[in-house]
Amino acid sequence: MPDAFPSAAILGTGSFGMALAVLLAPKLSDLVLIGRDEAVVDSINSSHRNPRYLKEIVLPEHVRASTKLSDAAAHPLVLFGVPTAATRQCANDLVGLSRETVLLSCAKGIERNTGERMSEILREVFPHNPVAVVSGPNHAEEIAANLATCAVIGATDEALARNLQELFTAPHFRSYTSDDLAGIELGGAIKNVYAIAAGIAAGLGLGDNAIAALVTRALAEMTRLGVALGGRAETFAGLSGVGDLIATCFSKHSRNHRVGLALGHGKSLEEATTSLGMVAEGVPNTLSIHDAAGKAGVRTPIIDAVFSILYQGKPAAHAMHELLSRDPRPENT
Ligand SMILES: NC(=O)C1=CN([C@@H]2O[C@H](COP(=O)(O)OP(=O)(O)OC[C@H]3O[C@@H](n4cnc5c(N)ncnc54)[C@H](OP(=O)(O)O)[C@@H]3O)[C@@H](O)[C@H]2O)C=CC1
Ligand SMILES: O=C(CO)COP(=O)(O)O
């Protein structure tokens with residue numbers, strides 16, 4: 001049987017675009033990374049290296065780069081690897097796709113003004129195209145170094161889910177399928193806020209017990225909110241929920257965790273994000289997810305605490321103290 005995806009385009013020449021290229025290149029005869037920075041694109045084409053993101057990685061020779069979004073139209077699969085804030089604009093600018101082109105969202109967040117998930121945006125812009133999502137404990141640095149992990153592919157069409165699963169299978173990469181796109185995307189989006197919270201707790205010098213307790217309560221909160229927003233409870237117990245929550249709350253690779261750590265050390269939000277030089281989705285997503293929780297009427301004390309630190313100037317230690325001193329309640333509520 002011929003491969004469903006002999007070639008693909010990846011939008012975004014950042015950390016995750018690079019990692020996806022390393023992972024998928026062995027399975028594709030043609031792979032183009034599409035970015036907006038000419039210097040990055042030229043460098044990938046001339047030396048197979050990205051001078052800004054994952055600089056030490058040498059991409060396989062057949063991976064090309066381009067600044068032209070229209071180059072995506074030649075491929076049966078387009079992966080969205082740009083930050084969530086850029087997804088709608090990139091989709092709007094992406095013209096000339098056939099109705100069969102599969103669109104795979106790899107970003108983790110919901111849209112600021114609408115609260116929409118990335119797959120919802122892609123369906124709005126491309127109502128006739130198949131749309132799928134991928135998520136899980138997938139730090140770009142580790143995938144690009146061929147370190148083992150797993151992911152979950154979300155698609156409502158079973159055949160599409162299996163084709164993508166086949167593509168996302170490698171000796172060091174195992175993927176699962178699910179039809180719960182909402183649960184998968186919400187887990188990936190909401191965990192970013194908790195990774196900031198865990199970083200803040202570590203920066204404040206709280207111990208392992210406190211951080212374990214925080215992350216456990218974060219999982220309960222993520223599940224409560226995610227179910228209210230349309231996901232299934234069991235999905236939050238899976239790779240895109242607790243799996244990614246653990247990966248980001250405890251990893252030195254997590255940009256969200258690093259932002260939290262800097263805040264816990266007393267840096268301002270601006271100082272914490274500027275020194276990062278990469279996207280930390282939890283920063284804009286604290287706003288969008290805090291909004292979504294408010295509209296859904298869901299109790300989210302940890303998200304509220306992160307919101308108050310990032311956007312209301314509350315000192316981190318004060319917010320953490322308030323979290324601990326709330327009214328006592330049973331665990332499973
Ligand atoms: N890094 C990781 O480990 C993982 C990341 N993700 C998700 O992937 C998404 C991308 O993250 P990541 O690659 O890490 O981020 P990076 O900050 O490393 O790279 C972002 C990339 O997107 C480009 N970009 C930013 N804004 C725009 C825009 N408005 N229009 C077009 N391109 C734009 C950047 O271009 P430029 O360089 O020119 O600014 C850069 O190529 C996020 O949603 C993230 O949560 C998912 C799994 C793992
Ligand atoms: O989503 C990620 C790993 O699964 C990456 O997390 P950060 O964006 O916090 O680096």
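The backbone N, Cα and C atoms fix where each Cβ goes, glycine too.
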Co-listed sn-glycerol 3-phosphate-binding residue [TrEMBL; alongside Lys108, Lys191, Asp244, Ser254, Arg255, Asn256] among Gly81, Gly136, Gly154, Gly277: Gly136
Annotated recorded positions Ser15, Lys108, Lys191, filtered by Cβ under 6 Å to ligand 1: Ser15, Lys108
Number of other Cβ atoms within 10 Å of the Cβ of Ser15 (NADPH binding site) across all protein chains: 23
From Arg36, Lys108, Asp244, Ser254: binding-site residues whose CA lies within 10 A of Lys191 (active site, proton acceptor): Lys108, Asp244
Inter-residue Cα distance where the pair is Asp244 (sn-glycerol 3-phosphate binding site) and Arg255 (NADPH binding site), in Å: 13
Among the sn-glycerol 3-phosphate-binding set Lys108, Gly136, Lys191, Asp244, Ser254, Arg255, Asn256, as the record gives it, the longest Cα-Cα distance in Å: 16
Reduced DSSP assignment, Asn256 (sn-glycerol 3-phosphate binding site): helix
